[in-house]
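Data first, discussion second: the structure below is written as structure tokens.
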Amino acid sequence: MAANVGSMFQYWKRFDLQQLQRELDATATVLANRQDESEQSRKRLIEQSREFKKNTPEDLRKQVAPLLKSFQGEIDALSKRSKEAEAAFLTVYKRLIDVPDPVPALDLGQQLEIKVQRLHDIETENQKLRETLEEYNKEFAEVKNQEVTIKALKEKIREYEQTLKSQAETIALEKEQKLQNDFAEKERKLQETQMSTTSKLEEAEHKLQTLQTALEKTRTELFDLKTKYDEETTAKADEIEMIMTDLERANQRAEVAQREAETLREQLSSANHSLQLASQIQKAPDVAIEVLTRSSLEVELAAKEREIAQLVEDVQRLQASLTKLRENSASQISQLEQQLNAKNSTLKQLEEKLKGQADYEDVKKELTTLKSMEFAPSEGAGTQDSTKPLEVLLLEKNRSLQSENATLRISNSDLSGSARRKGRDQPESRRPGPLPASPPPQLPRNTGEQVSNTNGTHHFSPAGLSQDFFSSNLASPSLPLASTGKFALNSLLQRQLMQSFYSKAMQEAGSTSTIFSTGPYSTNSISSPSPLQQSPDVNGMAPSPSQSESAGSISEGEEIDTAEIARQVKEQLIKHNIGQRIFGHYVLGLSQGSVSEILARPKPWNKLTVRGKEPFHKMKQFLSDEQNILALRSIQGRQRGNITTRIRASETGSDEAIKSILEQAKRELQVQKTAEPVQASSTASSGNSDDAIRSILQQARREMEAQQAALDPALKPAPLSQPDLTILNPKLLSASPMSTVSTYPPLAISLKKTPAAPEASTSALPSAPALKKEAQDAPTLDPPGSADATPGVLRPVKNELVRGSTWKDPWWNPVQPERRNLTTSEETKADETNASGKEKTGSSQPRAERSQLQGPSATAEYWKEWPNAESPYSQSSELSLTGASRSETPQNSPLPSSPIVPMAKPAKPSVPPLTPEQYEVYMYQEVDTIELTRQVKEKLAKNGICQRIFGEKVLGLSQGSVSDMLSRPKPWSKLTQKGREPFIRMQLWLNGELGQGVLPVQGQQQGPVLHSVTSLQDPLQQGCVSSESTPKTSASCSPAPESPMSSSESVKSLTELVQQPCPTIETSKEGKPPEPSDPPTSDSQPTTPLPLSGHSALSIQELVAMSPELDTYGITKRVKEVLTDNNLGQRLFGETILGLTQGSVSDLLARPKPWHKLSLKGREPFVRMQLWLNDPNNVEKLMDMKRMEKKAYMKRRHSSVSDSQPCEPPSVGIDYSQGASPQPQHQLKKPRVVLAPEEKEALKRAYQQKPYPSPKTIEELATQLNLKTSTVINWFHNYRSRIRRELFIEEIQAGSQGQAGASDSPSARSSRAAPSSEGDSCDGVEAADTEEPGGNIVATKSQGGPAEVTAAPADREEATQPAEKAKAQPLSSGTPGQDDGEDAGRSRPPPEGLADAPAPVPNLAAPAAGEDAATSATAPAMATEAPGAARAGPAERSSALPSTSAPANAPARRPSSLQSLFGLPEAAGARDNPVRKKKAANLNSIIHRLEKAASREEPIEWEF
């Protein structure tokens, strides 16, 4: 059998039935074509014979007639033979063409044979196994017989065990006794050791207390020493400055005397010359006069020479005293430093002892409180407020000295004014050397303050300038301050940078106007008339062209290697992370594109014009001095706020600075009092005391402005008033030999901290590095009220600063547009409220603003970690205010620095900048960006963090930039310095060094949550649920409220959620619905639905991830049914349940995607819908919400108050949203029209009559129902859309169900149409008719609109087909006009648009096999076909094979029986349906033509 099946299989495989069928098809086609040709040729032959008969003579015809007749008979015989052969071929062809290929069946049969053979083998194997089992049974019986012996052996074993047990018990008793004795001994020893350790502990505690007291004493001694040291250094510095000023004045007097002596000598020579002339004219009478004049001139000259000698002695004496003072101060400084080192060493020892014995933080807090407590009484203050009494005391002490100070200042100005007037008379060529840019009285009092930072920028602080510097500038009427106006900080910085570029060239060119004086003090220099006259660019303009020309003319002759210069500049820019835009703006005065072009493709020197050479001159000057690069780097850091470390301090820094200014002024006055005699009268002193106070207040004001600019640029732009022009004037000198006297900057002295390394203070703003730690600890360590309490004297100064801060600063104006948001009156009010409220809060305003999402301790730790977070771009990124507590938070009060109205848009968040150390770690490594982004994406997905939050909190980028960077990361080598920063931040974030606040944290409870579902709220995901539909406000990322459910309930419901196939939810029945009249807590509280209850184990994202596959179509259908049945709107459902807008909900319900095509974020609304459907009280809660909304609307509608806010009810019911869109309540939303049921019914009836009503019908409906015409129009539009969507979803479902259950039998192969588009199925498009399994035709046709869906589910499976898509399927051959050229037995739908088309004839039974083909072909059922039947739509092309003709049906049934016999799957036969369909169409055409040719009678006889 197997051999027979195998040989059969091989035979049929070789036979290749399909190839044979193809060959038969080709032969049949050839035969059909030949028949047509033979018919034509026969006609031609007959016509030729007729013509031959007509044209030839009769005798010839008689001769040829027998031959022609024999030919005709032969042709007839041949044609008859060919017809019989064709008929025989046709019968064979008909039988063979539909024969299924038996190869698969034979193959299956062969496999079944193999299986049967294997069954036989298994049976024999079974027999063998049975035999072996019997043998084993026998062996088992033998083993049972041996059990008796085993029992005996067990009894013996039991006896042995009992003996062993008794022996073990005796041994155990002995051992127990021994152990008890040992234990008693050990317990005794332990007690002794415990006593000794307690005594030692007491001794250690005693020692610790003594050490702590010693440490405190040493700290206080060290503190006192530092203060003494600071006072002595400042006093010495003041003395040195006084001596220097005296020395310079003496020099000036000496020079004036020399000039007067020269003038006298000239007068003497001229007098001599005139005397000689006069002697010639009249000698005798004028001899006495000449003697007299000569003697008087000589006397005057001698007096002047004596005065010069006296002045020279004074100068020498002053220089000697100066050197002696220097030596004394140096020795004192060295002694103090030795003492300081000794104290530091003892302090280190004590700290090492204390390190292992006490908690560092506690000790630190105690020491800081002790420090603050000891500082107040040491300065003479007794009240709680440590700064205010000190200021008052200092002002009282200084009030008596201010009048003397003013008179001294007037005398100084008189002296310097006379010197200026005399100096003006001299020719400019007589002045020796380049002149300093400031007059001697304006020299700094403290040489420590005149030292510029190592980066080339200067302290932007009036604390470094003497008091008379400001007052002389303010009081001197000769200074042209009024003409300068307001100036840009950019231009000041540009001048500051340009100074070092051009100063050398200026000096070489002999220019007398230096931008900055770079050399040390000159002992013989004469003061310039005015500091502003010496700097031509002081008004904020760039250096004049003459200056740059003079700078360029120096190196005009030399050849410059442009490529090398460009390479060096690029290296320096990359090394210091300086952008080309900044470099071009400040150095070259060009745009970024021009700079990039110059650096990328530098032209050779000889090809450049004069103007083209100028950038290279500037670049060379830029590279010549390291200070230029450092200055530019500080500007870059200030503009970007990234790399340079920022020093932060609270507002107490400004008070400390004012205090130090007043102390310094006091000491200076004392020094001046002792050094110089008082030359002013009492009237002058009384008249000028007010001026002195005003100058001090103005100086304090400038100090505060500088402090604000340095320490809080993100909160308030720092205005620079006109008198501050001189701050950045060429006055602060670089390091000189005299700068070694003091090593402490003044702010560091006042804050009792040693200065840090110079690299730490690269900012150009006035902040010492030592401020950093003090500022960080200030909010937690200072006593309440001490941090921000403003002294009464200084409060008007601060108010004045606030009022003056509305000027448009080009530096900070583009950075902080949102901050200038309050009026001036509000600022002053806020300042007063802050002054009183700060005593309660105990922390500074900027810090309060930043403590939003974290607690106070977390905030302090965060800002300790980021000391440089304050930058021009740092805009307090955590300003997201949450829920009900928003109105009570202190940061909601208007900021004192915001001058206009608060804007609704929140401040753009920024990230804390990176430190240089973090840059250096990764900047020069090779980082694999692809792997890094992969890890970041994994971590984001694992923690459920959306890219928007990650970009805002970690990278400082938008969501689009983050998405682009994560999907297409560039290689590390192709990234610029700025482009590498996000990847460095990603690496730091992965390492846990950055942005730890971004990870999901548990939301904090804000209020009672009434009905909630037990799944977790992830605060970070809140803004990410519907980023397309919800406005991205800060409230969307606020922490979520927690549910008051117990944890056991939560865990229980969570486990149920996980176990159920579709997640269900338990509701908390604890709360009661709130009163509908409750207004929202605050004006700005968003009307967001209540989020899911917080639980630390499971979030909604995890619920989505764990959820099994949901039927999205089924869920949306059920939701729509529930909403429609209960007359609930999609807006209410979306806002309350899904947290989406009405448009998003409508789109979601109309076109739900399959579950497997949705992302995690896209699945979330469906999970929420499923949870809502599983809630038994879902409808009631939504109805409650709807009623409350309606009540609120009615209240608003009937209330006459114009400014009343909409009273939105608090959300009741289960809320499954996290990122709900906050609705701003100050905008009244247009009320939603709710129709009554009877109105809906009337509109539905009108719709059934006319889906597209005319305007007249609409107006009639509106008047009948008492509605607006717009409402009626909208209802018709919405209803049409709804029906269209329902039809669309049902068609999709019917298509999927029909494909799943399709069988291969011809009766079940009804054509399924492709789903139409949304508009096609409704608006006047005919539906294609589909064939039911019974062969009946059900024609569904929508008349001019979407019909009411009232059919049974079986009817709903019928799909619609657009009429415009139906295309004619061309025949294989034959004329297009043939109506009968198709399969005769095939069912056809009526043509479109013909109502009276004949119904198609059901399939007839197949005729007998022996019946003649001609008679079967001429059956009446096959004669005609309805017009248009040749057309087949796209649905037919894509569907299964329709019922074919009767002869083709019989062989088509055989494979189905074979399949049922051998168990082939039904889908196997359906695979080649399209091929079979094409083949059947071709076959029908050919067979019909052959049968027609075979059955045709010869119409014309032969002529012969």
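Here the Cβ of each residue, glycine as well, is placed from N, Cα and C on the backbone.
What Swiss-Prot records as phosphoserine, among S274, S321, S471, S1495, is residue S1495.
Feature annotation (Swiss-Prot): of 120-141, 670-691, 956-977, the stretch labelled region 'Disordered' is 670-691. Comparing S166, S269, S857, S1053 with the features listed in Swiss-Prot, the residue bearing the annotation phosphoserine is S1053.
The local packing around K1268 (SUMO2 cross-link), expressed as other Cβ atoms within 10 Å of its Cβ over all shown chains, amounts to 11. For the recorded site, K1268 (SUMO2 cross-link), the DSSP three-state label reads coil. In terms of DSSP secondary structure, the DNA-binding region (918-1005) contains 59 helix, 0 strand, 29 coil. Between the DNA-binding region (918-1005) and the DNA-binding region (551-638), the number of CB pairs under 8 angstroms, six or more residues apart, is three or more, so the stretches are in contact. Confidence in the coiled coil (67-359), given as mean pLDDT, stands at 89. Secondary structure of the DNA-binding region (1101-1188), assigned with DSSP and counted as helix (H, G, I), strand (E, B) and coil, comes to 67 helix, 0 strand, 21 coil.
Assigned with DSSP, the residues of the compositional bias 'Polar residues' (404-416) fall into helix, strand and coil as follows: 13 helix, 0 strand, 0 coil. Applying DSSP to the DNA-binding region (1228-1287) sorts its residues as follows: 43 helix, 0 strand, 17 coil. The DNA-binding region (551-638): residue composition by secondary structure is 67 helix, 0 strand, 21 coil, according to DSSP.
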